[in-house]
Every structure is written in C-alpha cells, then in structure tokens.
Amino acid sequence: MISIITPVYNEGEQIYSNVVKIMSILLKNNIEHDFIIVNDGSSDNSWQEMQRLCKNYNNISIINLSRNFGKEAALCAALENTYSDACIIIDSDLQHPPELIPKMVELWKEEGYDVIEGIKLSRGKESLFEKIAALTFYGLFYKSSGINLNSASDFKLLDKKVIDAWKSMKESITFFRGMSAWIGYRRIQIPFEVQDRAQGVSKWSFKSLTKLAIQSITSYTSAPLYMIIWLGIFTLFFDFILFIQTMFMKFSGKALTGFTTVIILILGIGSCIMISLGIIGIYISKIYDEVKRRPRYLISSKEGKGFSND
Ligand code: UDP
Ligand code: MG
C-alpha cells in the first residue's frame, strides 16, 4: 500500500483534475494506493475542491491546516499522518510527471530501494534572476554542508523505514530536501523533465524563497558560524600587516595624518563584526524557535477514511 502525498496552496482551479489524473495512472498500473492531500491554508476554493474529492473517492483523505505554514510543514503534516508501507511526495500542479510513479514503485518493490528521488534534468521555465538565485543558494548549501541539492526535487518515494527515521527528527524548522538527504538509506535517483504548471502561477515570492534559503542553510548546518572564525583570523592577519606598516611609517618619521588607514580599519572591522553578529543572531533566533517547541503546523480538520478511527 502506497500513500500519495501532495501539498496544496491555492490550487483550486486544478487540484481536482490533477488528482484524478494521478489516480488514473495508478489504477492503470494496478498500484494499491491512497491519497493524503494537505491544504496549506489556501485562500481560494481548494479546500472545497478537496472535500469534493474526498466525497467522491473513498481512498482520499484530506487535512486542513489552520493557516499557511509553508510547503515543508504541509509535507510534515501528511507524513506524520500516514501508516502506509511507502509514500510518494508529488506537487499538486503536475510539474512532477506522475507517469514516473509506476517506475518508482517498481524500483521500490522489485529492487528494494528505500528512497527513490526524482532529479530535475532541467529546471523548467525560469527567469534569469530565478536561475541566478537558485544557483547561489545551491552553491552556498553545497559549500556549507557538502550536500549537492542542485537538481534535487521534492518528488520522492520514501519507504516506511525512512519515514519513521524522519519522524524521529524532532527539529521544528525543517528543510525536507536537506533532511531526507541526511537520512541516508539505500537510494537511487531517477531523472525527470520538469513540466509546465498545469495551471496558475508559482506561489513562491522572492521574499519567501530567500527566507527558505536562509532557514534551510542555518537549520541544516552551523558552518557559517565557523566561517566567522576564519573571517576573524583573516582580518587579524591583515590587521597585523597594517600594524607593522603603520609602526614602520611612524618610527621612520614618514607617518602622515593617517586617517585613511584608520577609516579603512574601522570600516573593515565594523563590517566583519556586523556580519558576524548577524549570523550569530540568526542562529540564536533558531535556538529560540526550537526551544519554544512549537508544533510545526496546526490541523484544523481532517476528513476521509484514513482518519476514521481518530
Ligand atoms: N505549496 C504549499 N504551500 C506554500 C507554497 C506552495 O503547499 O506555501 C505547494 C503548491 O501547492 C504546490 C507545491 O507546493 O503543490 C509547489 O509549489 P509551486 O508550484 O508554487 O512551487 P514551484 O513548482 O515553483 O517550486
Ligand atoms: Mg510548481
């Protein structure tokens, strides 16, 4: 039994037909499945459409979050509410081709892989700016954590073992792709071509993506904190050379008014301190977020057979 998990945020115009399409592919291939669809606080008619799905198909369960918590939290909500032998995570806008699902299932069943990851062959339609932003983020992430997520996607099949391992990770700020790479297990990658959105536009804004980028790096690795130390050592070295030069100028009587050096030093050191404080601040705020032990998401209602006994 396999659960298909899909997060939904303002996809009212397409969620019904997209789910039906995914289902028809599964049925054609005789894959025993159910659906867990999570509404991530949509402000359109997505929830009504999901209720319609739930009424018409008895293998569809739906979860309604109390507000928009973000895709990561929506995935958490679904994963924590599934008890199937495996899960497939797929976007609700059909950008992840559902035609690949039978192949994923085969790899899982026949060859015993625990994680089957969809890998983007190309990144779909993107503006130059989006391309640069994505490259910068993945570059930073790779440098600081050693994990290459460049072509990783959230399109994945996860075995029950992996989901259980993932459930035992209790941090409240999650970066799904990073965490599922950290877990390990027997994994294989299958490439796919990112499709155009079935309908509507992407729900990410520049601000929300920047926030996700900073959050995912800082919640995954503390490398930036160590970078500060290197930055400090580097400036110290630089200062030392300047110090000797200044002393030399002074004692040889060649010292000028010297304001340039002072200003440069103040600027340099000042900016290093600011950057360092900023980075430390980010981590402190994360510690703060973690110690609050707030839930990752709040569920306002659940419907469907999958939840009938709670
Ligand atoms: N999504 C979500 N919460 C959000 C933003 C997006 O659950 O706050 C869902 C969205 O409905 C879709 C998936 O995450 O199923 C991917 O979102 P989108 O297509 O906007 O992102 P992109 O494909 O551009 O990465
Ligand atoms: Mg999309």
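Each residue, glycine too, has its Cβ placed from N, Cα and C.
Look at TrEMBL and you will find 3-130 tagged as domain 'Glycosyltransferase 2-like'. Counting residues per DSSP class in helix, strand and coil order gives 52 helix, 29 strand, 47 coil for the domain 'Glycosyltransferase 2-like' (3-130).
The transmembrane segment annotation in TrEMBL covers 225-244 (among others).
Residues annotated as transmembrane segment in TrEMBL: 256-284 (among others).
Each residue in the domain 'Glycosyltransferase 2-like' (3-130) has a pLDDT score, and their mean in this model is 88.
The list of residues near the transmembrane segment (256-284) in space but at least 6 beyond its ends in sequence, with Cβ under 8 angstroms from a Cβ of it, reads 214, 218, 222, 224-225, 227-228, 231-232, 235, 238-239, 242, 246, 249.
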